[in-house]
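Trainee: The active site, proton acceptor feature in Swiss-Prot is assigned to D64, H135; the stated evidence is sequence analysis. Residues or ranges marked as active site, for ring-opening step by Swiss-Prot on the basis of sequence analysis: N133, E140.
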Amino acid sequence: MDVVIRQTPKEVAQLAATIMARYVSEGKNIGLATGSTPLLTYQELIAKHREGLSFANTTAFLLDEYVGLPEDHEQSYHYTIYNEFTQYVDFADGAVHTPDGMNPRTDEAGREYEEAIEAAGGIDIQLLGVGTNGHVGFNEPGSSFDSLTRLKTLHPQTRRDNARFFGSLEQVPIHVITQGLGTIRRAGHLLLLATGENKADAVAKLVEGPVSAMMPASVLQLHRHATVIVDEAAASQLQETEFYRFVDANRPEWQAY
């Protein structure tokens, strides 16, 4: 695992966008996340598109979707990613995929999403955030490290965290369809971003704590190519910051970001 510390959320986003842009420029498949953390990264990617970066040969897969929200609902992730990112770049029609949260057979929707990822050749880089309880995607504590895309029940803490987007806790869906930890682990490169002091505990546990299903994000410790980029606030509970900074300052040229 490569841990990179930057001063501000903007610097986190700039580095993340630089990494993502390399994959996009090669027409690779990318995995997208929603939530507040990736927003600055998407803004940076939009700026790179305006400077000439094309997404025309890139296929994208979202991590998750709420069950029961139609695609045009303002809090569906299909709508959110369009509103915040994809409408501003040049993805080809049909190149951005979202789990089908309106399929009454959620088991079928999960299987179809897995098949779509496999048919595209897999995900080359997956952008991730982390919840305050350590969830990635909507893989809540206790999720199997081998799990695939499936129906999940949201943790009460996750529903409370997301209530700000819906206006009230009662409006937050209880169920989601999410890529599993096993699905996420198959991506070639995992790129997790975290900013803010409220993520410091989760960051410390996912990076330096034991690998545990109760801390789903700790699965990154098992991945062959995982990068964690955090700002100073999110890094505040890490014990090995001196080492992480030393590694970052002394990268060989072929490893430089």
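The backbone N, Cα and C atoms fix where each Cβ goes, glycine too.
Set these features in their place in the structure for me.
Mentor: Just so you know, the Cβ of D64 (active site, proton acceptor) picks up 23 other Cβ atoms within 10 Å once every protein chain is counted.
N133 (active site, for ring-opening step) carries neither a helix nor a strand DSSP state and counts as coil. With a cut-off of 8 Å between CB atoms and residues at least 6 apart in sequence, the same chain places E140, P141, H155, Q157, T158, A202 near N133 (active site, for ring-opening step), listed in sequence order.
Close to H135 (active site, proton acceptor) in the fold, though at least 6 residues off in sequence, lie P141, S143, H155, T158, P216, A217, each with a CB less than 8 Å from its CB.
When secondary structure is read from DSSP and collapsed to three states, E140 (active site, for ring-opening step) falls in the coil class.
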Trainee: What is the number of other Cβ atoms found within 10 Å of the Cβ of E140 (active site, for ring-opening step)?
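Mentor: By my count, 23.
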